[in-house]
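S.K.: Okay, these came from TrEMBL:
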| type | residues | note |
| --- | --- | --- |
| TRANSMEM | 45-66 | transmembrane segment |
| TRANSMEM | 87-106 | transmembrane segment |
| DOMAIN | 104-392 | domain 'FAE' |
| ACT_SITE | 248 | active site |
| ACT_SITE | 327 | active site |
| DOMAIN | 410-490 | domain 'Beta-ketoacyl-[acyl-carrier-protein] synthase III C-terminal' |
| ACT_SITE | 411 | active site |
| ACT_SITE | 415 | active site |
| ACT_SITE | 444 | active site |
| ACT_SITE | 448 | active site |
């Protein structure tokens, strides 16, 4: 029923047992607060404030045009004579203007373009459906009954589907974790993503000037970046970096590092490889807080090609707009909330604190406090600032106004760390189900692939045909330390999915309903 209508309909039992309908005419005026769609009021306010400067200039332009139209030949001659007698002033002003424009052009940040990216899709024989996962966990005989039941409950509530992947070594009974197996996993993921990237972009490995690799838990010698240099015979003067121990948000950190390097080194390409390694980091103990990563983390990785070449703008998918990084490591609780350690029996794993969600919320608040002023329209900033002033002046306990980030971004890539993370951000940022669909479906199809999850989510949006020219994308990720990092991209065209994308064989079956 329309809440602003003038008719009330109620039901009442009739004398013969039938339900009768009674209609009462509502004599009151309609409730305009309910009948008027406040969404359009807010949008009108947003457009008015955002274009306020333009609206102020319109009267000035009209007055100038009217005055110019009333000028005759004599007025024009007098203006020309005035300029001639003040030639020195005109030359000085012109020189200052040219000098200022030159300095601005030379010192402004160079645009960084995302030419293309690729996400690794493991082979089908590495899939780990629930039943097989639990059966293997039981047969390893490393877990007691309480731990097995705990893992079963976590899996049921995790939001993961039946087609996520675990590494080859975990499919054996008993599992065969080793340095060699971990190297094999790293090679399959990194080389699989890079092969696809080079094939789609037609960029030669020798053209790569910067390489940044991030992987938290597996850092062999030679490094993962050295493995890539060796595999693809990259040039000897390449600037390579290997980031370790930085958690699931390291993908944004790697992009930020590549961006800074592209500001210094002209006319080159940068490749960012984001992955995680499970083989040597599976936990075989019974400490509950250390069992959760076994149930959530899965095989995955991505390779991203960035460029500072102006000619690449025409073929690039996105332009990097902002990167905002927040680090809460100075706080002891935040520092230890995701912590690699040994349990009482000397078995190594990653422990997740019960305070994780609260700490993540604090990190998010700090991050969006920095990000908001540079991305939100002035209308939202004024509302937010006004709510703070009112609370300060009148000492009221009214909750501060939560900015509408949907006015700043068209798409959201929330790190698929777990269902609780996605639920909390959807609630706190007042997002709609479609805004978190990519995150939920990535968690369902691929699990938590750590720092590469935000790229699987972006690929989902492209595969659904939702990415239009001018759209802004917010990638947000959380990681140990504790960190919350954001990257903002702008689509340079209507983006289509690249060949051999991770969703190519299944996008028509998504979205699926995730069991609560």
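Here the Cβ of each residue, glycine as well, is placed from N, Cα and C on the backbone.
Where in this structure would I find these features, and how exposed are they?
M.R.: Across the domain 'FAE' (104-392), the model assigns an average pLDDT of 93.
All chains included, 29 other C-beta atoms sit within 10 angstroms of the C-beta of residue 248 (active site).
With a cut-off of 8 Å between CB atoms and residues at least 6 apart in sequence, the same chain places 481, 482, 483 near residue 327 (active site), listed in sequence order.
On its own chain, residue 411 (active site) has 435, 438, 458, 461, 466, 467, 471, 472, 473, 474 as residues at least 6 apart in sequence with a Cβ closer than 8 Å to its own Cβ.
For residue 415 (active site), applying a Cβ distance below 8 Å and a minimum sequence separation of six or more within one chain yields 248, 249, 421, 439, 453, 454, 476, 477, 478.
Counting every protein chain shown, the number of other Cβ atoms lying within 10 Å of the Cβ of residue 444 (active site) is 23.
Neighbour count (other Cβ atoms within 10 Å of the Cβ, all protein chains): 25 for residue 448 (active site).
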